[in-house]
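The feature active site, proton acceptor is assigned by Swiss-Prot to Asp23. Positions annotated as active site, proton donor by Swiss-Prot, on the basis of sequence analysis: His51. Per Swiss-Prot, GTP binding site is recorded for 22-28, 50-52, Arg323, 349-351, 431-433, and the stated evidence type is sequence analysis. Annotation comment: Swiss-Prot describes Asp23, Gly50 as Mg(2+) binding site. Per Swiss-Prot, the feature IMP binding site maps to Asp23, Glu24, Gly25, Lys26, Asn48, Ala49, Gly50, His51, Thr139, Arg153, Gln234, Thr249, Arg321; the stated evidence is sequence analysis. Here Swiss-Prot flags Ser317, Val318, Thr319, Gly320, Arg321, Pro322, Arg323 as substrate binding site, drawing on sequence analysis.
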Amino acid sequence: MSASAVNVNPGRNVVVVGTQWGDEGKGKIVDWLTDHAQGVVRFQGGHNAGHTLIIGGKKTILRLIPSGIMHPGVACYIGNGVVLSPEALFKEIGELEAAGVDVQNRLFISEATTLILPYHIAIDQGREARRGAGKIGTTGRGIGPAYEDKVARRGLRVQDLFEPEIFAERLRENLDYHNFVLTQYLGVAAVDFQQTLDTMLSYADRLRPMVTDVSRRLYDVNAAGSNLLFEGAQGTLLDIDHGTYPFVTSSNCVAGAATAGAGVGPQKLNYILGITKAYCTRVGSGPFPSELYDADNAARQEAIGLELATVGKEFGSVTGRPRRTGWLDAAALRRSIQINGVSGLCMTKLDVLDGLDEVKLCVGYKVDGKNVDLLPRGASEVARCEPVYETFAGWKESTVGIKEWDKLPANARAYLSRVQEVAGIPIDMVSTGPDRDETILLRHPFKV
């Protein structure tokens, strides 16, 4: 269904979150919903997660700038919960402007956003190299170390760039600490103070027109009737608190993070849309109970898993890493629904299951001989989970491009209906292909 064909209520706010380990297809859905939003907000993460959009057959990958930038007239916001690499930001702006997209007149960056500096990247990559086989799977872009500095109260913010003397003083203090770690513990080269200072201050004048009090601006435009769409990155099971720790990202990926990461009150969030693929994927290390295929693990290479990866084109949009694949895990989905307070689900990539003889759904686990119906909290316990499956007859008909529920194959509807039943909440949207209009709408998030 075309998003523009729906009338919605003004002044409503929707949060889009991934319910799995990221890569759920949030970018397409955010793009679809943006037809009814006047602003799109990033509230956590950095340029470590890519959102892939297919618009008019053209593929665009956005890593930092909100997906709404592809819609003329839509304001885009980077909140204080994001960690910002100016280098990555201006590279992305350059790519978009070269394609004719107006960016700098519509992009607003919180003055309180923490900066990613060269020493964060050096530490990130140095640590991962030192871990060897025990690596976490970081993208090496400095996101984690930047969040560490933020929590340790030594982070440098965007607003600090506009006070060069204070910035230089704090940068020198930070480098005294971080260069000791780099040279004495990680055994890599130190980061040069003057070069870093000159590079970072060179961004100040270019950033200044986009920097503002994002929290205040969001409050004002929403009060005036604008609909806001909060765009989560990564997924709930990668959340620093609620994910499969320590195999997680360094920020809170859950819906509640939209309030702290953008500076809005929780009562302003009207609807939480949870995005889930019709199967599961994971990139990098960490437990994965329903796993079928892992290119790096000979014991996890079932043919059906490779088929899901191949048909679903499961390669990271930023890293290019092959994703591990498995059946949809409803017990993990229930955990995500509870944590986020999900209002309704959007099921993506249903078409990847077309042609399978049978489809399985993990509805719980056996853990140390006990039945468990919810994903455990710790990685070691999750690693001991033995999936309990329900099996469904597959469908040979194609679901690609279907825009109405009743036109789905009967077996596909049966599978989706069971997912709703086990999840305990409705499926409000179904994606049947990569193009934005290949979408079934059952209940509109901006109208509920």
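These residue numbers are counts, starting from 1, taken along the chain as shown.
Placement of Cβ uses the backbone N, Cα and C atoms for every residue, glycine included.
Annotated features taken from Swiss-Prot, shown on the structure.
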residue : record                 : DSSP class
Gly22   : GTP binding site       : coil
Lys28   : GTP binding site       : helix
Gln234  : IMP binding site       : coil
Gly320  : substrate binding site : coil
Leu350  : GTP binding site       : helix
Thr432  : GTP binding site       : coil
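Secondary structure at Thr52 (GTP binding site), taken from DSSP and collapsed to helix, strand or coil, is strand. Arg321 (IMP binding site) counts 15 other C-beta atoms within 10 Å of its own C-beta, drawing on all protein chains shown. Ranking the binding-site residues Asn48, Thr139, Thr432 by how many Cβ atoms sit within 10 Å of each one's Cβ puts Asn48 at the top. The CA atom of Pro322 (substrate binding site) is located 16 Å away from the CA atom of Asn48 (IMP binding site). The subset of binding-site residues (Asn48, Thr139, Gln234, Gly320, Arg321) lying with their Cα within 10 Å of the Cα of Gly22 (GTP binding site) consists of Gln234, given in sequence order. A simple way to gauge crowding: the CB of Thr52 (GTP binding site) has 19 other CB atoms within 10 angstroms, across all the protein chains here. Of all the binding-site residues listed here (Gly22, Gly25, Gly50, Gly320, Pro322), it is Gly320 whose C-beta has the fewest other C-beta atoms within 10 angstroms.
Taking the Cβ of Gln234 (IMP binding site) as centre and 10 Å as the limit, one finds 27 other Cβ atoms among all the protein chains shown.
Around the Cβ of Arg323 (substrate binding site), a 10 Å sphere holds 23 further Cβ atoms from the protein chains shown. In sequence order, the recorded positions near Thr52 (GTP binding site) (Cα within 10 Å of its Cα) are Asp23, drawn from Asp23, Gln234, Gly320, Arg321, Arg323. Closest in space to Arg321 (IMP binding site), of the binding-site residues given as Lys28, Gly50, Leu350, Thr432, is Gly50, taking the CA atom of each residue.
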